[in-house]
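Undergrad: Take this structure, written in structure tokens, and hold onto it; I'll ask about it next.
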Amino acid sequence: MRSLNINPIVLIIINIIAPSMYIFLSGKYLQIFLLIFAASLLALMGRYKRVAALFIVYFVLIGIYVVTLRSDDLKFIGLFFIVIAQSVPCVSLAALLISKYNSAQLLSALEAMRIPRILVVAVTITMKYIPTFKREFGYILESMRLRGIKFTWRRPVKSFQYFIAPQLFRCAALAEEVTSAGLVKGIDAPVRRSSFYEEKITIADYLVLFVFVLGLVGGFVWQKM
């Protein structure tokens, strides 16, 4: 079965609208709907490992929440975990947006939405910095291993010290490198850039948005009943 290819604009719109809906809709309904919607969308895109990870993380968080409800002293911690669980579907789609699409695709999608240029630049650089930071984290852990320094939870302060010092120095350099790479590609040009990845919104994209909006409308109807 051919994997579904979704325009990044669709994922951006979903990630903007979905979190704000908790203000208007019942948390339980929206939580279940977003979980099923995100899992179905990831499955259609062929990301089966992400679907498994989505359900595992979600149900682990829900399990912790249920356990903490039995103790009056831990109820506050339980609320923290349920809030994280509610954000898991959106985070999974946002992670897919960052990992699947390159900076040129994201930039082209954001420009098509006709949002302010300064916001396009900021969002693009931020989204591409996240995977870069992840790679740097791996490099630092590898350097620590070569020097015989282990990251252990037995001495978290000491381990954190070995990690945070080089990371702070790298953050400044990486921010400059990512920004420079964007400037070389004309990210700050006052005119709309042409792009190899200028993908038009397809019928599949409209169907995904239709199902998403239909689910939200169903939530409002269910809430009124």
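Glycine residues also receive a Cβ, built from the backbone N, Cα and C atoms like all the rest.
Per TrEMBL, transmembrane segment is recorded for 6-24, 29-45, 51-69, 76-98, 203-222.
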Undergrad: Could you tell me whether the transmembrane segment (6-24) and the transmembrane segment (203-222) are in contact, taking contact to mean 3+ Cβ pairs under 8 Å with a sequence separation of 6 or more?
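TA: Yes, since the transmembrane segment (203-222) and the transmembrane segment (6-24) share at least 3 Cβ pairs closer than 8 Å, they count as touching.
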Undergrad: Do any residues of this chain, six or more beyond the ends of the transmembrane segment (76-98), have a C-beta under 8 angstroms from a C-beta of it, and if so which?
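TA: Same-chain contacts beyond the ends: 8, 11-12, 14-15, 18-19, 22, 27, 30-31, 34-35, 37-39, 41-42, 45, 47, 50, 53-54, 57-58, 61-62, 64-69, 106, 127-128, 130-131.
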